[in-house]
Amino acid sequence: MNRIRKFFRGSGRVLAFIFVASVIWLLFDMAALRLSFSEINTRVIKEDIVRRERIGFRVQPDQGKIFYSSIKEMKPPLRGHGKGAWGKENVRKTEESVLKVEVDLDQTQRERKMQNALGRGKVVPLWHPAHLQTLPVTPNKQKTDGRGTKPEASSHQGTPKQTTAQGAPKTSFIAAKGTQVVKISVHMGRVSLKQEPRKSHSPSSDTSKLAAERDLNVTISLSTDRPKQRSQAVANERAHPASTAVPKSGEAMALNKTKTQSKEVNANKHKANTSLPFPKFTVNSNRLRKQSINETPLGSLSKDDGARGAHGKKLNFSESHLVIITKEEEQKADPKEVSNSKTKTIFPKVLGKSQSKHISRNRSEMSSSSLAPHRVPLSQTNHALTGGLEPAKINITAKAPSTEYNQSHIKALLPEDSGTHQVLRIDVTLSPRDPKAPGQFGRPVVVPHGKEKEAERRWKEGNFNVYLSDLIPVDRAIEDTRPAGCAEQLVHNNLPTTSVIMCFVDEVWSTLLRSVHSVINRSPPHLIKEILLVDDFSTKDYLKDNLDKYMSQFPKVRILRLKERHGLIRARLAGAQNATGDVLTFLDSHVECNVGWLEPLLERVYLSRKKVACPVIEVINDKDMSYMTVDNFQRGIFVWPMNFGWRTIPPDVIAKNRIKETDTIRCPVMAGGLFSIDKSYFFELGTYDPGLDVWGGENMELSFKVWMCGGEIEIIPCSRVGHIFRNDNPYSFPKDRMKTVERNLVRVAEVWLDEYKELFYGHGDHLIDQGLDVGNLTQQRELRKKLKCKSFKWYLENVFPDLRAPIVRASGVLINVALGKCISIENTTVILEDCDGSKELQQFNYTWLRLIKCGEWCIAPIPDKGAVRLHPCDNRNKGLKWLHKSTSVFHPELVNHIVFENNQQLLCLEGNFSQKILKVAACDPVKPYQKWKFEKYYEA
C-alpha cells in the first residue's frame with residue numbers, strides 16, 4: 001500500500017491524472033468515431049435507396065423471385081463496389097443492409113400484388129395498346145371535355161391517360177363471335193370500379209372479323225355515394241396505394257365461357273377482401289337466376305315489370321275499350337324457352353354479403369383510359385375487374401332465349417337504402433353499331449345522287465326528310481351533349497319507376513322505332529316500368545300487325561290502340577289511365593333520348609312530387625337528320641295571344657345570379673311534348689282539360705295549372721332529348737286546324753287568365769268576334785276553386801315577371817291636343833273641361849278590346865247624329881270599339897286620332913270647346929281638334 005501511495009506523491013500525482021484522462025479521452029474518441037461511421041452508413045443507405053427508387057433499380061438476390069415489372073429495369077451493382085474508406089468489412093455490411101432493404105421492398109410489393117392475383121401466380125399487365133374506335137363528335141366541332149374525339153383519332157397509346165369522370169371517352173367494343181361485351185363502371189363516393197368483360201381470343205385474331213361478329217354492346221356507368229364510409233375509404237387508399245392491377249376506364253375484359261373457368265370463378269368465392277368499407281347489396285336470387293337477355297336485333301326490357309298493376313296483378317288490356325289485344329300480347333303472357341345454343345345470357349349470381357362490394361382506389365381511374373386490355377384468362381380477368389376484391393360473380397352461360405332484360409344486374413349494384421349514386425351512363429345495343437352508317441353519331445346525311453326526287457316525294461309522309469330517316473340506323477349513336485359536370489351529379493338510389501307514354505298517328509316507321517330504341521337503350525331498365533305506345537287510330541298498314549310483331553320482342557312495350565281518332569290530348573289521357581309507373585313521362589314519337597336523360601328527371605320528381613321536370617329539347621334537323629345541341633340557358637315562354645316560344649336568359653342575369661350550365665331553370669311554360677310528372681299529382685290536378693280538342697293549348701293549360709296550384713316546372717340541363725322540329729304538322733284534324741287550336745286557347749283563357757283575358761283577346765280580337773263554342777267551363781272553374789289556385793296576377797308577378805301584361809293599352813286623363821282640355825263625365829253625358837288628374841270621372845282606360853271606358857260605362861258614337869253618348873260596356877259590341885295608335889299600318893296620318901272603326905266612312909272623335917261637347921265627324925288628318933292623347937300608354 002505504501003508503495004502505491006508513493007506513486008501519487010508529488011509529480012507522480014500529475015502523471016497518474018494525465019494517464020487516466022488520456023484513457024477516458026481515447027474511449028470518447030473511439031465512441032465518437034463509431035457513431036460517425038454509423039451515421040455515414042445510414043446516410044449512404046438512404047441515398048442509395050432514394051436513388052434506386054428513382055431509377056427503378058432492384059437488386060435481385062434470387063432470380064426465382066424476379067417480379068415482372070423490374071425485369072426491364074435491371075441495373076449493374078453500385079459504383080465503388082468493393083472499395084471505400086471503411087474497408088471491405090464496412091462495404092460488405094453496407095451492401096448487406098441495402099440488400100435487406102431492397103428485399104423487404106420487393107417482398108412487400110410482391111405480397112400486395114400476389115394477393116390481388118387470386119392465387120394464380122403469374123401477374124399480367126391489365127392495359128395494352130388497343131384497336132378500339134372512339135365515337136366522333138359533331139362535324140366542325142371539337143369537344144374539349146373528353147367526351148368525344150374525331151373519328152380518325154384511334155387509341156394507340158402506350159400508357160393509360162388520367163381524365164376526369166365526365167371525360168370518359170365513348171368507345172365501341174369488339175369481341176369474338178359468340179361473345180357478349182359488357183362495359184360496366186361503378187363509382188362509389190371517391191372510388192370506382194370498371195367492369196368490361198371480353199372473350200379471350202388468340203393474338204392472331206383478325207380485329208375486323210371480330211367487329212363483324214360481335215353480339216352485344218353494353219355501356220353502363222354506375223356510381224354510389226356513401227358519405228358515412230368516405231373517411232374510411234380515404235384511409236384505405238393511403239394504406240393501399242393504387243396497383244397496376246386495377247383496370248382503367250374504357251378498358252374491356254374478355255371472359256371465356258367454359259365450364260372450367262366458371263368453376264374457377266366459383267372456387268374463388270370465399271376470397272373476397274372485406275377490409276374496405278363497402279355498401280352491402282342484396283338481391284332476390286330466384287329472380288336473378290331467371291333473368292336473361294333476349295337475343296333480338298337491338299335490345300329488350302324486363303317483362304316482370306312490363307304490364308303489372310299497382311297491386312302486382314297483371315293488367316288485363318282487354319278490360320279497356322281503348323286497347324286492342326294482339327296475338328303477340330297473348331303469347332307474351334306465358335313465354336316459353338326454346339333451345340338455342342347460339343343465344344347467350346348474362347346475369348349475376350347471388351350477391352353475398354362480402355361479395356357484393358365494388359370499389360377501386362381512385363375516382364380518376366374510373367375514366368382514365370380508352371385502351372383495350374391484353375387478352376387475359378378468366379381468373380385473372382375476374383381479378384382485374386375487382387382489383388383483388390371479388391364483387392358479384394358474373395356467370396355467362398348459353399341458355400334458351402328469353403324475353404326478359406337483366407335489369408337487376410344494375411339494380412343489384414345499388415344499395416337498398418336512400419343513398420345516392422352518380423348518374424348512370426347507359427347505352428345498350430344487342431347488335432353492334434356500324435360507325436360508318438349514315439347519320440351515325442348524329443352526323444348530317446346527304447341524299448345520294450339520283451335520289452333527290454324520291455326524297456322530295458317522300459317528304460310529305462312526315463314533313464321531314466323521311467328518305468334519310470329510313471337510311472339511318474334505328475339505334476344510332478348520338479353525341480353526349482350534356483354540360484360538363486352532369487356525369488358527376490348524384491341521384492338517389494331509390495328513384496321512382498316511370499311509364500313512358502308515346503302517342504302517335506301515322507308516324508314514320510323508322511322515326512317511331514328510333515324513338516323507342518333510344519328510350520330502351522339509354523334508360524336504366526329498373527326505372528322503366530313500361531313503354532306505352534298509344535296509337536291514335538293510325539291508317540298506315542305498317543303501324544298495325546308489323547308494329548305489333550316488332551314490338552313483341554320488348555316485353556315492356558305495350559301498344560294501346562284507340563278505336564277512333566281522339567287527338568293528342570285525349571290519347572295521352574288514355575295512356576295515363578293505363579300507366580302503372582309512379583311517374584308519367586310523356587314523349588313525342590319523333591325523338592331521340594340522349595345518355596343519362598331519365599334519372600335527372602326522376603330525381604327532381606323524387607325531391608318534390610309537385611315538380612314537373614322537362615328535358616332540354618335539342619334539335620334533330622328535319623332536312624339532314626343531324627343531331628344539334630342548343631343553348632343551355634333557354635326557357636319556355638309565351639307571347640300574346642299565348643303563342644309558345646323559347647327565350648334565352650340574358651347574360652347579365654346569368655352573371656348576376658351565377659347560374660351554371662348544370663343548374664335547373666324555372667320554366668314559366670313548358671313546350672308540352674316532353675316532361676315527367678308524378679302520376680298521382682297529375683290526376684290531382686285534373687290531368688289535361690278533357691274539353692280541349694285534338695292538339696294545341698294543352699301545354700299552356702297544364703303550365704298555368706301547375707304553377708298557380710302549388711307546383712313548379714323546371715328544365716333540367718343534364719337531361720337532353722332530341723326532337724324533330726317541322727315547319728308544318730302533317731296530321732289531319734277532324735275539324736279546321738286553326739279553329740281547333742284557337743278554340744282550345746280561348747277555353748284556357750276563360751278559365752285561367754282572369755281579367756288578363758282581355759289582353760289575350762286584344763291580340764286576337766277575331767277570337768271574341770267569332771263567338772267560338774268552347775263548351776261548358778263549369779267543371780274546370782270548380783276544379784280551380786277546389787285546388788285553391790292562385791290568381792293569374794300572382795303568376796305574372798312571381799313566375800313570369802318579365803312578361804309585359806298591362807291590363808289596358810292606355811289610361812289616365814284623355815286630352816284634346818288642340819284645346820288642352822280633358823274628357824269628363826257629367827251626369828250621363830260626355831263633356832270637355834279643365835283637366836284634373838285627381839277627378840275620378842276624368843279617368844279613362846283604353847282597353848285591349850278597344851273600348852274607351854270609365855268604370856262600367858263606355859263612350860259610344862251615334863253616327864247618324866254625329867253625337868257621342870255613354871253606353872254600358874260590352875266586349876262583344878262592335879259599336880263601342882275605337883282605333884287609337886293602331887291605325888299606322890292602314891292610315892298612318894290618323895295615328896293620333898280616335899277613329900270609329902265600324903263604319904264605312906272613317907269617323908273621328910272631335911272636340912268643341914265653345915260648347916263643351918264631343919262629336920264624331922269625318923276624319924281630317926290636319927284638323928287639330930281631332931287629335932288626342934292619353935296620360936299613359938302601355939305595351940305588351
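Using N, Cα and C of the backbone, Cβ positions are placed for all residues, glycine too.
Pulled from Swiss-Prot, these are the features on record:
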BINDING   D536, R565, S589, W695, R726, Y731  substrate binding site
DISULFID  C486-C718  disulfide bond
DISULFID  C709-C789  disulfide bond
DISULFID  C822-C835  disulfide bond
DISULFID  C858-C873  disulfide bond
DISULFID  C908-C923  disulfide bond
DOMAIN    804-935  domain 'Ricin B-type lectin'
CARBOHYD  N217  N-linked glycosylation site
CARBOHYD  N256  N-linked glycosylation site
CARBOHYD  N273  N-linked glycosylation site
CARBOHYD  N316  N-linked glycosylation site
CARBOHYD  N362  N-linked glycosylation site
CARBOHYD  N395  N-linked glycosylation site
CARBOHYD  N406  N-linked glycosylation site
CARBOHYD  N578  N-linked glycosylation site
CARBOHYD  N776  N-linked glycosylation site
CARBOHYD  N827  N-linked glycosylation site
CARBOHYD  N845  N-linked glycosylation site
CARBOHYD  N912  N-linked glycosylation site
MOD_RES   S292  phosphoserine
REGION    131-174  region 'Disordered'
REGION    190-252  region 'Disordered'
REGION    351-373  region 'Disordered'
TOPO_DOM  1-12  topological domain 'Cytoplasmic'
TRANSMEM  13-35  transmembrane segment
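Swiss-Prot feature annotations superimposed on the structure.
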{"residue": "C486", "record": "disulfide bond", "Cβ neighbours (10 Å)": "23"}
{"residue": "D536", "record": "substrate binding site", "Cβ neighbours (10 Å)": "23"}
{"residue": "S589", "record": "substrate binding site", "Cβ neighbours (10 Å)": "21"}
{"residue": "W695", "record": "substrate binding site", "Cβ neighbours (10 Å)": "19"}
{"residue": "C709", "record": "disulfide bond", "Cβ neighbours (10 Å)": "19"}
{"residue": "C789", "record": "disulfide bond", "Cβ neighbours (10 Å)": "21"}
{"residue": "C822", "record": "disulfide bond", "Cβ neighbours (10 Å)": "25"}
{"residue": "C873", "record": "disulfide bond", "Cβ neighbours (10 Å)": "19"}
{"residue": "C908", "record": "disulfide bond", "Cβ neighbours (10 Å)": "24"}
{"residue": "C923", "record": "disulfide bond", "Cβ neighbours (10 Å)": "21"}
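Note on proximity: among D536, R565, S589, W695, R726, the binding-site residues of the record, the Cα nearest N776 (N-linked glycosylation site) is that of W695. Secondary structure counts, DSSP: the domain 'Ricin B-type lectin' (804-935) has 12 helix, 62 strand, 58 coil. Taking CA atoms as the reference points, C908 (disulfide bond) and W695 (substrate binding site) are 43 Å apart.
For C718 (disulfide bond), the same-chain residues that are 6 or more apart in sequence and have a Cβ closer than 8 Å to its Cβ are V423, R482, P483, C486, Q489, G596, P600, T662. Among the listed disulfide-bonded residues, namely C835, C858, the Cβ with the most fellow Cβ atoms inside 10 Å is that of C858. If you measure from the Cα atom of C923 (disulfide bond) to that of R726 (substrate binding site), you get 47 Å.
Put simply, N912 (N-linked glycosylation site) is 63 Å from R565 (substrate binding site) when counted between their Cα atoms. Within the set of recorded positions N578, C709, C835, C858, C873, the entry lying nearest in space to N845 (N-linked glycosylation site) is C858 (CA atoms). C873 (disulfide bond) and C709 (disulfide bond) are 32 Å apart (CA-CA, integer value). Secondary structure at C486 (disulfide bond), taken from DSSP and collapsed to helix, strand or coil, is helix. Fewest other C-beta atoms within 10 Å: among the binding-site residues R565, R726, that description fits R726. Residues near N912 (N-linked glycosylation site) in space but far in sequence (CB under 8 A, at least 6 apart, same chain), listed by position: L832, L918, K919, Y929. If you measure from the Cα atom of C873 (disulfide bond) to that of D536 (substrate binding site), you get 45 Å. Taking only the Cα positions, the spacing between S589 (substrate binding site) and N578 (N-linked glycosylation site) is 18 angstrom. Spatially, by CA atoms, the binding-site residues D536, W695, R726 include one closest to C822 (disulfide bond), and that is W695. Other Cβ atoms within 10 Å of the Cβ of N827 (N-linked glycosylation site), summed over all protein chains shown, number 6.
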